[in-house]
Amino acid sequence: QLEFITPFQLYFNPDLIFRKFQIWRLITNFLFFGPLGFSFFFNMIFLYRYCRMLEEGSFRGRTADFVFMFLFGGFLMTLFGLFASLFFLGQAFTIMLVYVWSRRNPYIRMNFFGLLNFQAPFLPWVLMGFSLLLGNSIIIDLLGIAVGHIYYFLEDVFPNQPGGKKLLLTPSFLKMVFDTPEEDPNYNPLPEDHPEHQPRDHDQNEHQHPQ
């Protein structure tokens, strides 16, 4: 907004990424939501709200899995961006988060600006219709819904099918970085590590100042 940089330095451009090695475009295209306005604040509110509800809900205590969902979704969107003329994917990322949350909370009743009442799974489609009313392309919204559905199917549906298995495995290095290590239930501390074996303050004082 202060014009220190321009959107032309941020947008997704495969030629500049692979030929000019402007690798930052792989990330910055997710971070630009257009000029300040209704659409910008709309995206910010939904991104914050549903990212937080996922983190504090189904991903509570699973930070590495949460980050892996980000990476998986961003990777699929980038692959699609290679074959389509898409410049910014931030809105698609927001819709992906909304889709995953809505499928994991199917019985929550939603109210959209006091006009519509519906179940949570319809929320991504309502947002897509609202985006269409604002004059935006729905390709971005459809991409977010598609990627969100792929993640939801591979993570929540397919492993529970007969013969299914979990295909999305969070890399161990992400767990090392983001998750706190679990305590080994079979670990026995040394005798001197037990609290009852620690010298009390007054015992130490008696040793230091014998009467």
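Any Cβ shown, glycine's included, is placed from N, Cα and C.
Some features that TrEMBL has for this protein:
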TRANSMEM  26-48  transmembrane segment
TRANSMEM  68-101  transmembrane segment
TRANSMEM  122-152  transmembrane segment
REGION    181-211  region 'Disordered'
COMPBIAS  191-211  compositional bias 'Basic and acidic residues'
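Cβ atoms under 8 Å from those of the transmembrane segment (122-152) belong to residues 38-39, 46, 69, 72-73, 76-77, 80, 84, 86, 89, 91-100, 102-104, 110, 112, 116, 168 of the same chain, restricted to positions at least 6 beyond its ends. Non-local neighbours of the transmembrane segment (68-101) in the same chain are 7, 10-14, 26, 29-34, 43, 46-47, 50-51, 53-54, 57-59, 120, 123-124, 127-128, 131, 136, 139-141, 143-145, 147-152, 155, 168, 170-171, 174; each lies 6+ residues outside the stretch with a CB under 8 Å from one of its CB atoms.
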